[in-house]
Amino acid sequence: MSASPQHENTHEHLRLLAGNLDSGALSKIEAQLNELHPAEIANLLESLPLQNRRIVWELTNPELAGDILVEVNDEVRLGLIEHTDEDDLVAAVGSLDTDDLADIFEDLPKVVLHQVVRAMSNQDRRRLQSVMSYDEDSAGGLMNPDMVTIRPNVDLGVVLRYLRQRTELPANTDKLFVVDRDDRYLGILNISDLLTTNSKESVSNTMITDQKALLPTLSANEVALFFEDYNLVSAPVVDEDNRLLGRITVDDVVDVIRDEADRSLLSLAGLDEDDDMFAPVTRSAKRRAVWLGINLFTAFLAAWVIGIFAATIEQVVALAVLMPIVASMGGIAGSQTLMLVIRGIALNQIGTTNARWLLWKELAVGSLNGILWACVVAAITGFWFQSQSLGLLIGVALVINLIVAALAGATIPLTLKKMNIDPAIAGGVILTTVTDVIGFFSFLGLATVFLI
């Protein structure tokens, strides 16, 4: 598979940057950085070892520093802030949008926060307080209070003149929000309709009233699904009294989707999406040690099950050769179901209503695949070891393990979700333990009963 143009550009930028760092060509580094978008610079900073990262950060255009701090992950941001003067930080974050400032607010030193907040207007201060009152992974935490609102009883021509007087619109403004005198949300006016409709028409006759609004307590994942379902560029956020609080734009939703993808992938190995790739060795080792310890415990549990049947294995050496087949097939089958259910949970497609249907379906799939591959493995084993009984035995064990794997793959994430534990983090370890233990126990147990 060929790399995307974006990835190729990133690799090229990193190659040039590394060459200039090695040669000490600081002026070339500065010139290169001035041609890049803040998101590209953030990506480069995350890709550099600590010492080189500090050099590049010091050469970055101060006007871009605030946007770069928003783009980098949490741990890298803390490191950059630690090596930045307080006055430079105040200048960098003072011009950020309210929602972006809220994202990094808790990472900033108190002295910097005090100066930034003191320099704000009363309106911006209230907006920041509004965003900060919600969880960062909710619609309220994602929203930006900076938006354009209009009344329903004015003509479109008045709206056009009002927009021209503003000289600048908030980023990603594809619609205007119609509110009454109490700021209650009434509907939207698309910019395209504003430009193509007779200017003497009223807003009330042109606006769209069926555009749904989001509650601030809605989770970030649900917001992303909402944008995906309705193909939105922006969406209003209202309180329980239908008062307009702000809007969420598609750029923030893209960040949510990317962060969720990173989190799901890294959580499979017990890692965090905000971990610094070039964090100090001791810190990285400490974080991974816990996960390795959990894995060691599950490995000892599987070894203990094997140890129970040590005498059986000594008498039939072929069992030791065939054991990994049963465990591996169960692990793969269970992982398929596990990933399917985790995806369904993330997309809000699985709940108490249809969980039972999915469970029966996965059990049927596990049974069918178990029988199919049991016949294949039994035939190969019988021919390999010249023993039909051994082939029949491993076939039965395989059917048992694939059925249990399907059951575990469906129930483990649902159970963890009810316990408010992320199934993407803990599900894989538990599933592997179940399929290994059941696979070894069923195979060796049957061998003890029928072959010894």
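In case you wondered, yes, glycine gets a Cβ from its N, Cα and C as well.
The domain 'CBS' annotation in TrEMBL covers 143-204 (among others).
Annotation source TrEMBL lists domain 'CBS' at 207-263 (among others).
Under the heading transmembrane segment, TrEMBL lists 289-311 (among others). Among residues of the same chain six or more beyond the transmembrane segment (289-311), those with a C-beta under 8 A of the stretch's C-beta atoms are 269-271, 319, 323, 327, 429, 432-433, 436-437, 440-441, 444-445, 447-448, 452.
Feature annotation from TrEMBL assigns transmembrane segment to 317-342 (among others).
Taken from TrEMBL, the feature transmembrane segment covers 363-385 (among others).
If you look up TrEMBL, you'll see 391-412 (among others) marked as transmembrane segment. Residues 322, 325-327, 329-331, 333-338, 340-341, 355, 358-359, 362-363, 365-367, 369-371, 373-375, 377-383, 385, 423, 427, 430-431, 434-435, 438-439, 442-443, 446-447, 450-451 of the same chain lie 6 or more positions beyond the ends of the transmembrane segment (391-412) yet place their CB under 8 Å from a CB of it.
TrEMBL lists 424-451 (among others) with the feature transmembrane segment.
Below 8 A, the CB atoms of the transmembrane segment (363-385) and the transmembrane segment (424-451) form no more than two pairs separated by six or more positions in the chain, fewer than 3 in all. Long-range contacts of the transmembrane segment (424-451) within the same chain: residues 263-264, 267-268, 270, 294-295, 298, 301-302, 305-306, 308-309, 312-313, 315-316, 319, 322-323, 326-327, 329-331, 333-335, 338, 342, 389-390, 393-394, 396-397, 400-401, 404-405, 408-409, 412-413, 416, each at least 6 residues beyond the stretch ends and with a Cβ under 8 Å from a Cβ of the stretch.
Listed as Cβ neighbours of the transmembrane segment (317-342) (distance under 8 Å, sequence separation of 6 or more from its ends, same chain) are residues 264, 302, 306, 309, 350, 358, 362, 365-366, 369-370, 373, 377, 381, 385, 387, 390, 394, 397-398, 401-402, 404-406, 408-410, 412-414, 423-424, 427-428, 431-432, 434-436, 438-440, 442-444, 447.
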